[in-house]
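Chemist: Take this structure, written in structure tokens, and hold onto it; I'll ask about it next.
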Amino acid sequence: MIVVLFSSSFFFPVSSSLSSSCKLRREFHLNGLHRAGDVILGGLFEVHYTSVFSEWTFTSEPRQPTCTGFDTQGFRQAMMMVFAVDEINRNSNLLPNITLGYSLYDNCGALFIGFRAALVLASGQEEQFLLQENCLGTPPVVGIVGDSYSTFSIATSNVLGLFRLPMVSHFATCSCLSDRQRFPSFFRTIPSDAFQVRAMIQILKRFGWTWVGLLISDDDYGVHVARSFQSDLTNSGGGCLAYTEILPWGNDPAELRRIVDVMKKSTARVVMVFAHEIHIYQLVEEVVRQNVTGLQWLASEAWTSVDVLQTPDFMPYLGGTLGIAIRRGEIAGYKDFLLRIHPDQHHNNYGNSIVRFWEDIFQCRFSPPPVDWVEAGGALCTGQEDLHKVDSELFDVSNLRPEYNIYKAVYALAYALDDMLHCEPGRGPFSGHSCTSLQRLEPWQLVYYLDRVNFTTPVGDQVSFDANGDALPIYDVMNWLWLPDGTAKIQNVGEVKELPKGEELTLHEDRIFWNFESKQPPRSICSESCPPGTRMARKKGQPVCCFDCIPCSEGKISNETDSMECTSCPVDFWSNPQRDYCVPKKTEFLSYHEPLGICLTATSLLGTFICAVILGIFIYHRSTPMVRANNSELSFLLLVSLKLCFLCSLLFIGRPRLWTCQLRHAAFGISFVLCVSCILVKTMVVLAVFKASKPGGGASLKWFGAVQQRGTVLVLTSIQAAICTAWLVSASPAPHKNTQYHNDKIVYECVVGSTIGFAVLLGYIGFLAILSFLLAFLARNLPDNFNEAKFITFSMLIFCAVWVAFVPAYVNSPGKYADAVEVFAILASSFGLLVALFGPKCYIILLRPERNTKKAIMGRGTTK
């Protein structure tokens with residue numbers, strides 16, 4: 001739509017003999033430089049940075065805008081294009097027999113002027129031209145170098161892209177320009193902001209800066225940078241933005257005061273600024289007024305190399321700034337070219353920028369000068385002034401960065417034209433393998449060759465474009481050095497480039513100047529790192545970089561810094577007190593090495609020893625009446641069984657193993673049944689003897705002979721052995737690691753396997769014990785001087801009391817204490833039987849031998 005308006009407003013057919021021609025209706029008066037040639041390249045540069053417009057409409061005659069504020073760097077960039085074109089024209093290997101020309105325009109730092117200039121370059125400003133039916137003729141320009149600003153490039157490319165007119169920018173970095181659908185003919189020799197953002201993130205990661213402030217300009221450049229930065233920073237996990245502020249266009253002191261106040265109150269010590277020179281200048285002026293120090297500045301490529309900021313007033317605040325800069329290039333012969341500039345070179349051009357340059361650098365005016373200039377006593381320019389005597393940054397060619405991109409852009413267009421002209425008919429890339437020529441050149445055809453251009457600059461950098469029209473991304477990392485004499489210097493401290501695996505940052509940290517007392521990089525974090533043993537817990541309503549450190553709970557650890565979660569230890573492990581690694585859980589069982597286990601073991605061995613001593617005593621005195629009374633064979637068997645009872649308690653001590661778990665209850669059950677069976681038979685013998693002493697009772701003794709006694713004991717014991725066998729076969733006891741009692745301990749225990757089997761085993765022992773107790777109780781008052789039934793009654797009473805108390809104690813005792821309770825019950829009941837049954841006999845045998853006679857035992861005699 002814009003192009004239609006442009007065509008209809010500025011060209012109209014002449015109704016005369018020249019009816020087949022068009023005449024220019026209105027002409028834009030623009031500052032520029034021009035040179036004729038076979039092929040014309042266009043250029044858009046900011047030679048002036050201020051412009052003033054009068055009110056106008058399309059229906060009224062527009063007035064010439066006034067451009068003021070000569071931009072030395074912008075002029076030097078324009079001159080680089082002039083230099084590159086002249087160098088190409090002298091090169092016999094590149095575009096032979098073709099002379100390149102140029103039309104360069106000054107955008108005066110204004111979108112309106114830059115857009116006008118782009119349309120002029122696309123359509124031309126010839127006063128009159130004939131309409132040719134064959135449409136032959138060289139286009140006004142085949143390609144444009146520029147514009148400097150992203151916003152200007154977006155506006156211009158939106159229109160020129162409709163006609164596929166190639167545009168190669170040297171300074172427009174907005175990542176939005178990589179959209180090939182929207183900008184099909186846009187190229188650039190500077191990396192996009194997407195890579196610039198990733199490069200900044202690499203610097204942040206290198207120094208551990210995770211809490212940073214972001215300042216952006218209020219245009220496409222700043223807005224797209226902020227959007228990319230927030231997205232990439234979050235995805236990379238490199239940090240968070242403490243604040244994001246938009247720097248105002250123009251002079252807005254109140255807004256600048258507010259932004260600097262935010263910077264001063266924030267805990268972020270690193271400030272990134274993606275803005276233009278004018279924004280930074282106004283911002284730093286306010287920083288100086290509020291005396292905000294202690295900040296580490298990160299500069300985008302737009303202001304990293306700006307000399308105007310490196311003043312004695314600013315450097316105490318901006319010293320140590322780290323920034324990324326466009327790749328520097330050394331162009332041989334460029335300084336000599338600049339020193340040969342003279343106004344006579346382009347004296348016929350309207351708004352000659354070289355004339356403006358000459359007047360600015362020598363502070364003079366050509367004739368006729370402005371009235372106010374004459375009244376102020378200003379000097380007149382003669383054209384004889386000597387540039388060699390001028391000290392200007394214009395001639396400092398040691399730090400050519402945007403200029404180097406312009407150099408590459410001009411050569412890219414030249415190489416694309418050269419490839420096009422070297423096309424062999426029949427092997428061309430277009431329809432029917434055709435080629436094109438300068439007379440038939442369509443803009444989109446040059447775009448085709450630009451997409452495939454590939455050459456190496458004299459510096460050694462390769463130049464080519466990817467599918468989005470972006471150049472191979474590489475940046476230099478710069479550092480602002482504040483020298484002791486008060487002067488400033490920008491030094492190269494590294495580079496960042498893109499590799500297939502990602503961005504690679506190379507830094508020479510020993511060369512970096514840090515503007516802090518410590519001479520070390522600052523810390524800029526929202527929260528201190530969480531040490532191992534803790535996890536990060538985000539603060540509500542705060543960015544992810546702001547968090548609290550919460551200690552891991554028991555049984556969980558974190559062995560890395562800034563862990564998001566604590567991980568649980570394996571089943572057999574537990575967290576150490578610092579919660580930073582897992583340690584094997586303490587194992588708990590009734591051990592031979594702990595006091596409780598030692599006491600029980602000693603008691604068991606003591607009981608065994610006492611049984612052996614008593615057995616020896618009985619064997620030694622086996623012929624005495626006391627030993628022979630009440631069946632000495634059963635007494636010997638009873639002592640052996642008690643000895644086994646004492647020894648079986650040792651199976652309950654030590655780490656449970658399969659064989660000990662299986663054997664402990666079987667040995668315990670069989671040993672006690674053997675013991676109780678002997679007691680039961682002895683009781684039955686006592687009753688039988690008493691009954692036989694009555695008239696007619698002698699027949700009962702035949703059922704209680706030695707064979708019957710041994711047989712009864714064997715049968716009763718065999719029943720218990722059968723119970724144990726069935727238990728072990730059906731559901732055998734087994735060792736088990738119990739983690740339910742204690743979280744930080746593993747309790748080794750023997751699970752009974754079958755509770756029914758264990759209950760039957762204990763029940764059978766209990767049945768025999770109760771039966772023995774009842775029979776002994778019935779025989780307690782038999783007329784006998786040494787009535788063994790009384791001692792059996794007492795021993796069974798102890799036995800039953802111990803095991804009745806054992807059941808609740810066992811059930812409620814965890815882990816090793818259950819084993820200890822069972823061992824204690826075994827030892828207590830065994831000692832009870834041993835003392836009650838054999839204590840009195842040993843007393844008589846050893847201490848009262850006079851009572852160890854048949855008469856005394858039968859009660860038919862008295863002893864003294």
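Positions of Cβ are set from backbone N, Cα and C atoms, glycine also.
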Chemist: With the ranges 102-122, 711-731 to choose from, which does TrEMBL describe as transmembrane segment?
Modeler: 711-731
Chemist: In the same chain, which residue numbers or ranges, 6 or more beyond the ends of the transmembrane segment (595-620), come under 8 angstroms Cβ to Cβ?
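Modeler: Apart from its flanks, the transmembrane segment (595-620) reaches 627, 632, 635-636, 639-640, 642-643, 645-647, 649-650, 653-654, 816, 820, 823-824, 827, 830-831, 834, 838, 842, 845-846.
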Chemist: I'm checking region-level scores; what's the whole-number mean pLDDT for the domain 'G-protein coupled receptors family 3 profile' (596-861)?
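Modeler: Mean per-residue confidence for the domain 'G-protein coupled receptors family 3 profile' (596-861): 81 out of 100.
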Chemist: Using a Cβ-Cβ cut-off of under 8 Å, list the residues of the same chain that are 6+ residues beyond the ends of the transmembrane segment (751-779) and lie near it.
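Modeler: Cβ under 8 Å, 6 or more out: 661, 665, 669, 672-673, 676-677, 679-680, 683-684, 686-687, 690, 716, 719-720, 723-724, 726-727, 730-736, 787, 789-790, 792-793, 796-797, 799-800, 803, 807.
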Chemist: What residues in the same chain, six or more past the boundaries of the transmembrane segment (791-811), come closer than 8 Å to it by Cβ-Cβ distance?
Modeler: 676, 679, 682-683, 686, 762, 765-766, 769-770, 772-773, 776-777, 780, 818, 821-822, 825, 828-829, 832-833, 836-837, 840
